[in-house]
Amino acid sequence: MAPQQNIMKQLQQMQSSPYPSSSPSSTTVSQNNDNLNHNVHSLNNSSNNNNNNNNNNNNNNNNNNNNNNNNNNNNNNNNNNNNSINEKNKINDNNNRGNSDDGNNNNSNNNSNNNNSNNNNRDDEEEEGDDEDNNNNNNSNNNKIRGYNDNNDINDIFSINFSSWSKSKDNLIENGVLIFEESGLYKELNLSKSSILNFLSIVASSYRNNPFHSFNHAIAVTQTIFLILLKTNLFNILSPIEKLSIIIASICHDLDHPALSNRFQINMKSSIAVLYNNKSVLENHHLSICLGILESKIGNELLSTLTVEEKKQFFRRVKILILATDMENHFTYKKQFDDIISTFSWDNSEHRDLLLIMFLKSADISNELRSFDISNKWANALMEEFFNQSDLEKLNNLPLTPFMEREKVVLHLTQVSFIEKFLLPSYQSLQNLLPSLEDFVQRIIENKEIWSNNGSSSSTTSSSPN
């Protein structure tokens, strides 16, 4: 069996049903103060919190209405200020770009030549004039990513130096709304801005205020996905359902993260470790929370315009994408992707799925794409989580995780090692298929060199963010 078939078969075994199963009953992981003093919320508890936040969502809707005009003005400013990036496309022009398993049968080479929007014969197709306007907006943004020295403002989703550190939760939600809008999904799937706002608000409330694994991280990862799709011109190639799937998965991939790793959950014999048989414990937990939100009233409103088949494909992709963020399986996915590069076909749905997986996995560890000062902040945040876990491991007489021990970690060396082992090879593989990502690879190399010559205590840690 071909390597890509192996991995897709493995992924598809997670659930044969086209729709998500009901959420597991009470997955509360409750340790007392002598053990962890840290709870991993159950899906039921998360649902209760979601209900409590509905009133807040209504307030956010009102605030969003006031901000819409500002968003539009900022979008125009983004378009005017963006620096054009030359797109180099290694993929042969005679490759058919597109039949995915979403029933999108009309994608072809005309997608890149004519920059047609990817509406794919939806029943409620937009009027021709609106479609042309949407295409023009997409084209004005494609391959226009702000330079490395730009200031970050509240709506600067086009900047490689996007930073969520100084942003409030409302600002981050606004960034998320803009990413949906600039991705073309409003018109392609007839999504309403209010449903997206409500969804993002409930997602934001389902993240904990961790040093690293927080809503800030989720939006940073999602913005990286946005930049990748923009820079590679894949907004004009991927189907609307593929785009929706990876954006939703990016935003939700660390929901209710306890800032304690899979290894810790397993060694502690936590409730979620038992529930998921010690396999991708946190990733399954994040997925459960995500599916609970998507199955709620707010989720149903968000997906109300999708057909039955589109929902089936959407849920399938969200599942495989979130589960793929388990770094224990990193090299397996990397090898599977490398094996298909030379024969990659846009007509092969498994190839497309694996490409999306590599996008999300790479974006999840992409702090080194930012300027050094921004990535340095992420470094310290992740180290804070790691050191806290190490303290708890000692307190509970658990096996110590080597790269988390305060006394042994040399941060700049740890960072260089991670870049060389995980981050850089991932982006180099993506560049082999999509040459326009060369700038991203060069930025990673530049930051690696800074770490190589830096013995300070500051470092951008990228060790397994699970």
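In case you wondered, yes, glycine gets a Cβ from its N, Cα and C as well.
Worth saying up front: this structure is predicted, and the values here are computed from it rather than measured.
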Per Swiss-Prot, member of D353, D364, D373 binding divalent metal cation 1 alongside H217, H253, D254: D364
Among D254, D364, which are binding-site residues, the residue with the most C-beta atoms within 10 angstroms of its C-beta: D254
Packing count at H217 (divalent metal cation 1 binding site) (other Cβ atoms within 10 Å of its Cβ): 23
Residue pair H253 (divalent metal cation 1 binding site), H213 (active site, proton donor) - Cα distance, angstrom, rounded: 10
Cα separation, D254 (divalent metal cation 1 binding site) to H213 (active site, proton donor) (Å, whole number): 7
Other C-beta atoms that fall within 10 angstroms of the C-beta of H213 (active site, proton donor): 26
